[in-house]
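A short write-up of the structure that comes next.
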Amino acid sequence: MKSYFNTNVEDSLKDFNVTKDGLTSQQVTESLTKHGLNALNEKKKQTVIQVFLSQFKDLLVFILIIAGIISMMSHNVESTLVIFAVIILNAILGTVQHFKAEQSLDSLKALSSPSAKVIRDGAKIEIDSKNVVPGDILILEAGDLVAADGRIIENYSLQVNESSLTGESLSVDKTTEMIDKEEVALGDQKNMVFSGSLVTYGRALVLVTSTGMKTEIGKIATLMEETQEKKTPLQVSLDDFSKKLAFIILAICVVVFGLSLYRKMDVLDSLMFAVALAVAAIPEALSSIVTIVLALGTQKMAKENAIIKKLKAVEGLGSVSIICSDKTGTLTQNKMTVKKVYVDGKLIDGESLSLDDNVQAYLLKNSILCNDSTSQDGKEIGDPTEVALVNLGHKLSIDELRLRGDISRLAEIPFDSDRKLMSTLHNIDNKNIMFTKGALDVMLDRVKYIMTSEGIKEISYEDKQNIIITNKELSENGLRVLAFGYKELSEVRDLTLNDENNFTFIGLISMIDPPREESKQAVADCIRAGIKPIMITGDHKITASAIAKEIGILRDGDRAIEGLEIDKMNDEELKNNIEHISVYARVSPEHKIRIVKAWQEKGEIVAMTGDGVNDAPALKQADIGIAMGITGTEVSKDAASMILTDDNFATIVKSVANGRNVYNNIKNSIKFLLSGNTAGIIAVLYSSIMALPMIFAPVHLLFMNLLTDSLPAIAIGMEKANKGLLNEKPRGRSESILTKDFLLGVGLEGLLIGVVTLVAFYMGGAKGTTPLTASTMAFATLCLARLFHGFNCRGKNSIFRLGVFGNRYAWGAFGIGLILLNSVLFVPFLQNLFQVESLSLNQYGLIYLLAVIPTIIIQTVKVVKENIADRKENVTIIEKEEKLENIA
Ligand code: ATP
């Protein structure tokens, strides 16, 4: 393949038959057909058969197969058939579930797939990175991920981090210069960029020379790691729990088997008893319920503008206790409008600027020429700060494109949020003028002269004081203030950072960026939920504080500090002071990491937003890294675990509520499954110890565990968030679901259901001559009681508080369960298969009566607890009121 580092720009373009206006649509189609999509080959996904077979690796399936074999040996044809049918059905369900989960993760991935900016048919457009083709003209800017390999054809101080390819961690400077050699190491190909690198600084136009597997990274990448989701911490801990439980259960099974043999029971019957116990007890669905509920949760969140990139984040969101948020665009609208302007010693309205005034005209020229944004036909493209300046120009009849056409840009140093300045070089009236705009505090120390209507003067102490005071007054009103200056250069040349000094000050332009309407409420919700909201911004401290106060982040006793003050503190000091700081101004990305770490050391769980190229490390360090979907760079999106498609702070708070809800729902589903299993174990163990006949045939337990239990568990997982969700404090970092209280609850509820099941067994004649009737009644009662129990597990509160019809899925699951059970009880063919006997009307009524008892007891306890809690709350309110009265 031809190399392009030793080909000049013109020849390279010729090779691809393209100009800087980009490919035509026709050429793109041809290139796409010839070269295919710009993607690396992924390892082949598992086939349906492979997934299906992998379902048989399960312990439960192994036990079921034993059950099937025993049934076969005891010549019980129906039972054998049912068991094997269930094993296969279970595997089919598992396979379907696997592909469903994969599908939902794939669709989430597609939502967050990287994009690239290209010029095609003369226009700049943004496309999915995988549609980039050789010959495309790629636009690279700080924060972009390089989408393909290419030759640089225009370069504005481009710096690229190529560590993924070369291992070199420092960014390298790029150039357009041809390299006149046959062979050059990748790291030295300074006029090329490579797929997978990060643009850390500057801008460039690049001719794409190869895509997909033909890129350098494609050549070295053996097949990509399968992009399968890792298990979340919750799943890992549940898997661990299930495994331990399975061993304990197996040990008990062995004891039960021994006991039966000792009692001289038939060997096969004894084995069946032990197997029945294992089937009743092994909680096979725990991990898969977590996956289903998490996946459903992510779909809901995606609809509410939060794209989750890692399932782990849903779990983490529920325990977030600190949210560090950018100001501009996240808490505010990012719709800037110019307000007051300070020029020539006067503060005037932006709209009253005049081109006839020499100084004002220079200020306007600076604001539009030292500016990359446009606003044409109502379409605003670029940084809102700059768009505000362009819009001001429009009001004064200046068209930015025409002005930029008349006075072209000869060199530039792009804006970056560390330096907080931007400079461009132009030829104006035969002078080489470097225009600079940026933060006043960065610029003022470097100002030597001031432009006035009486000419250029050396800047005096008084002039500086006036500027500082004006800046303070504007900032106190929440306005963002930009300073403008210029400097004359002797020649046209590339600009360097050393040029940015000895400025002539022209003026200040202030602009308003109002808070988002929903920010205030979202901040209040956060505080109520025990989460501390913190503002981190590159803006001025006074501006930031004014906005933070308005939306409730900066409250009495809270402090606002600047990045410089963080520099003066060591990590220990920062940690000790951090609790009272709620606004960080003029920060750079390195400060963000220190802030996250300090909070984490205090044991807090931190969510942090970021949009810039240098935010990636802080986003990775945070427990939940949140990138901005609209204004965020590709690099930040890549590093984040969640992307906000509306860049809105309120969406973060909504996601935290969703995260808490998902966690609670998972907990409740698990409670439902475990308590149902416990009831089964108690019934089987009791009957074994008391030497009663076999209470359940394994098919009974299979029927419950695999058919009637799964739907209510999923329905519980879909319970809506209740209003009180944000009234509770966040849960701790290491708080596990399986606490003592939780397990005690599971035990007690299981006991209740187990007892009514045994009562049904006795009443059905366990000790008499009708063991089959007795076992039918026990089975039906247990099954029904578990279906009723689904309503108890919907939440901590009583069903009356939760709303009897608040979860239609719960009713659906109950209804289907009821139909399934009644089919087994009444359809003769199924009666045979599931080893049940017809019941009399009285017996049938008795089942319902017994089955509903645990639910009545559990709901009564909940209602009583609620009343006690309400009374306590009333007492505290009255006490507080009395105290207030006394004070008054
Ligand atoms: P955040 O998004 O973190 O809340 P921000 O967007 O206000 O903060 P930056 O974009 O890093 O932060 O801006 C920091 C400062 O740099 C601003 O206060 C302003 O003074 C200056 N600035 C911002 N945009 C530009 C620009 N396009 N050109 C020159 N200076 C700018």
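Placed from the backbone N, Cα and C atoms, the Cβ positions cover glycine too.
Over in TrEMBL, the protein carries these features:
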DOMAIN    3-76  domain 'Cation-transporting P-type ATPase N-terminal'
TRANSMEM  59-75  transmembrane segment
TRANSMEM  81-99  transmembrane segment
TRANSMEM  245-265  transmembrane segment
TRANSMEM  271-296  transmembrane segment
TRANSMEM  672-696  transmembrane segment
TRANSMEM  702-721  transmembrane segment
TRANSMEM  742-763  transmembrane segment
TRANSMEM  769-788  transmembrane segment
TRANSMEM  809-831  transmembrane segment
TRANSMEM  843-864  transmembrane segment
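Each residue of the domain 'Cation-transporting P-type ATPase N-terminal' (3-76) gets a DSSP state, and the totals for helix, strand and coil are 43 helix, 2 strand, 29 coil. Of the candidate ranges 672-696, 702-721, 742-763, 843-864, 702-721 has the most C-beta pairs within less than 8 angstroms of the transmembrane segment (809-831). If one looks beyond the transmembrane segment (245-265) by at least 6 residues along the same chain, the residues whose Cβ comes under 8 Å of a Cβ in the stretch are 59, 271, 273-275, 277-278, 281-283, 681, 684-685, 688-689, 691. Among the recorded stretches 271-296, 672-696, 702-721, 742-763, 769-788, the one sharing the largest number of Cβ pairs closer than 8 Å with the transmembrane segment (843-864) is 769-788. Across the candidate stretches 59-75, 672-696, 702-721, 742-763, 769-788, the maximum count of CB pairs under 8 A to the transmembrane segment (271-296) is reached by 672-696.
Taking residue pairs at least 6 apart in sequence, the transmembrane segment (742-763) and the transmembrane segment (672-696) share three or more C-beta contacts under 8 angstroms.
Long-range contacts of the transmembrane segment (59-75) within the same chain, counting only residues at least 6 positions beyond its ends with a Cβ under 8 Å from a Cβ of the stretch, are 83-84, 86-87, 90-91, 246, 268-269, 271-272, 275-276, 278-279, 282, 284, 698, 702.
Residues 64, 82-83, 86, 89-90, 93, 279-280, 284-285, 289, 292-293, 296, 657-658, 660-661, 664-666, 668-669, 672-673, 676-677, 680, 779, 782-783, 786-787, 790, 793-795, 802, 806-807, 809-810, 812-814, 816-817, 820-821, 824, 834 of the same chain lie 6+ residues outside the transmembrane segment (702-721) yet bring a C-beta within less than 8 angstroms of a C-beta in it.
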